[in-house]
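Trainee: Below is one structure. I have some questions about it.
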């Protein structure tokens, strides 16, 4: 009998969460049955109504929209999976492919240069062959501070990288390493020699930081400030490569390629925000290194584990589905999250549950950062037979060098060629994409502020799949949001981008089936893109209409003695307890459940509404898309309040006034409703509306406290409170008049 060769060990395994699937599907069956009963009750009322129809229709519409959102959300609860990788089973280093790392920054004031350079250094220090690693920083502001920071980072890296390799340091972000403990060090490395060298490296790190701070204070760096601004500057492409006299011997330090890229920006040309910056990096990197895989990072998202590249390669090297694998997505985690995370900055719902469910379909949604993506998925790997070269250029532009790179993904460094930098500057010019299809049929797509969701959706429509890897040790750590204003500004941007997709021809429920996307994956994408529109309208309705009717004695829910009251109560409690179950099984306290409920309501009536209106106005041509980077600078008092779990209401009035108005309306309706029930005695008819107001006020007690009790800087200002009182009086007065008129008409 012939000896058969042993099968190679798998590079990864997939674990199906059978118990969670059973719970989710059982709950879905019960909840769906209750929703069907609710819809039957509402529909039957249209034929036997005894009250004004307008508020009933509004509440019915809100209930239907929330039911639709719940139904769509069952898609990523249908099959939850998690994955484990075995990077030690990868082939030898000489067989590993090249990786280009893309890091994007915009504003050195909102994104401190020292923090950005820490991200660059952590990427350069990845546990990967340095000759196959190439780090590109896109500076959309064209700031000389950032360029100088890159040069200082290179000088420090000449010492930092050998130190990390010699002692197998796990935390390779200098700021995190020197600011943390020694827990991630192997026991045998805690030697006097190690601590002596660490002290020396820390001194060099302090000098590195001081050099950047001095550069920012040096007025000579702003010599061209009048002719070059963040929105109007030429393209700059520079390979950072210098060796100071005090650096280690050159032949002993293997360094990855480090490239600074500032694309050209002119007021007359659209620059398409982050998607435009990534596409410039895609072109420039194709000329200089042309690696088959790309790692995309936000400027504050440093590499917390140097093995992330090897972990991602465990999927890309799997012959069973590597040909169809587009990208590997890691979760976004944050080093400054408080245990009392009142703003849900960690976005637990997405990265601890939803993306596992998407992975059980054909993979998670592209999430803006922390993903290893195949270059071939963004740009076709070669020119198909029978396609004219001019037709390819109409898509990718006129550069012969770039077209050639599409046909050859081999590592082909071109920086020694005389004209390579000039060609790179052309590729980074704002006019290069004129009369091409960049951002439409190729690469990172435009037309939406959430370029990641849009690009990932089209990749999945084309048949690419993705995987989600969430190891115990976070592979990447960023700076989380610590203020309400930043949370809602970011939420407005996300909502506007999702609403743009919802209103476009790429709306998932229309475009997905056309591209033969599976039903469950289509539903999942639809839920993500419909969130701003459906949540904002339905939550606003639930926060105001039942309360207005409560004050006017108009019941909107069945009497307590009716069996349908049990249906409404079951749906309400079912949704709350299912959310609580998901939070507790994720190892979080009940406080997390309350915070997520509150921030969901806050976002629904503020940023999701404004994002939807922004998308509608853009669709009508009334305004252009705008992008405001999230502030990464941490304020001391603000951070203290965040760590204590106290909401900071030092936010724009357009965010705070709606919250205060809704709170005042609910207080008024609850007090008036209770008095009415005591005097009139109709508590059986009005109990449902009283309970709804109680729930809203209990969950949002922090808003009332900020208006009435708190005296610190984070309270709601008196002028905003008075403005909200005026809005509440106007709404309740005019609303009551409309209800009286509709009742008379009825």
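Cβ coordinates come from backbone N, Cα and C, glycine included.
From TrEMBL, here are the annotated features:
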type	residues	note
TRANSMEM	28-47	transmembrane segment
TRANSMEM	53-73	transmembrane segment
BINDING	110, 111, 140	UDP-alpha-D-glucose binding site
ACT_SITE	140	active site
BINDING	274, 298	Mn(2+) binding site
ACT_SITE	452	active site
TRANSMEM	654-680	transmembrane segment
TRANSMEM	686-704	transmembrane segment
TRANSMEM	716-741	transmembrane segment
Trainee: Determine, to the nearest whole angstrom, how far the Cα atom of residue 274 (Mn(2+) binding site) is from the Cα atom of residue 140 (UDP-alpha-D-glucose binding site).
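Mentor: It is 9 Å, counting Cα to Cα.
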Trainee: Could you state the whole-number distance in Å separating the C-alpha atoms of residue 110 (UDP-alpha-D-glucose binding site) and residue 298 (Mn(2+) binding site)?
Mentor: 13
Trainee: Counting across all protein chains shown, how many other Cβ atoms sit within 10 Å of the Cβ of residue 111 (UDP-alpha-D-glucose binding site)?
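Mentor: Summing over all protein chains shown, residue 111 (UDP-alpha-D-glucose binding site) has 23 other Cβ atoms within 10 Å.
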Trainee: Could you pull out which residues elsewhere in the chain have a CB under 8 Å from any CB of the transmembrane segment (716-741), counting only those six or more residues past its ends?
Mentor: 52, 54-55, 544, 548-549, 551-552, 554, 649, 653, 656-657, 660-661, 663-665, 668, 703, 706-707
Trainee: Relative to the Cβ position of residue 140 (UDP-alpha-D-glucose binding site), how many further Cβ atoms are located within 10 Å?
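Mentor: Result for residue 140 (UDP-alpha-D-glucose binding site): 25 other Cβ atoms within 10 Å.
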Trainee: Please work out which residue of 110, 274 has the most C-beta neighbours within 10 angstroms of its C-beta, and give that one of the binding-site residues.
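Mentor: Of 110, 274, the one with the most crowded Cβ is 274.
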Trainee: What are the sequence-distant neighbours of residue 452 (active site), meaning same chain, six or more residues apart, C-beta distance under 8 angstroms?
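Mentor: Listed in sequence order: 365, 366, 367, 368.
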Trainee: Please report the Cα separation of residue 298 (Mn(2+) binding site) and residue 140 (UDP-alpha-D-glucose binding site) in Å, rounded to an integer.
Mentor: 13
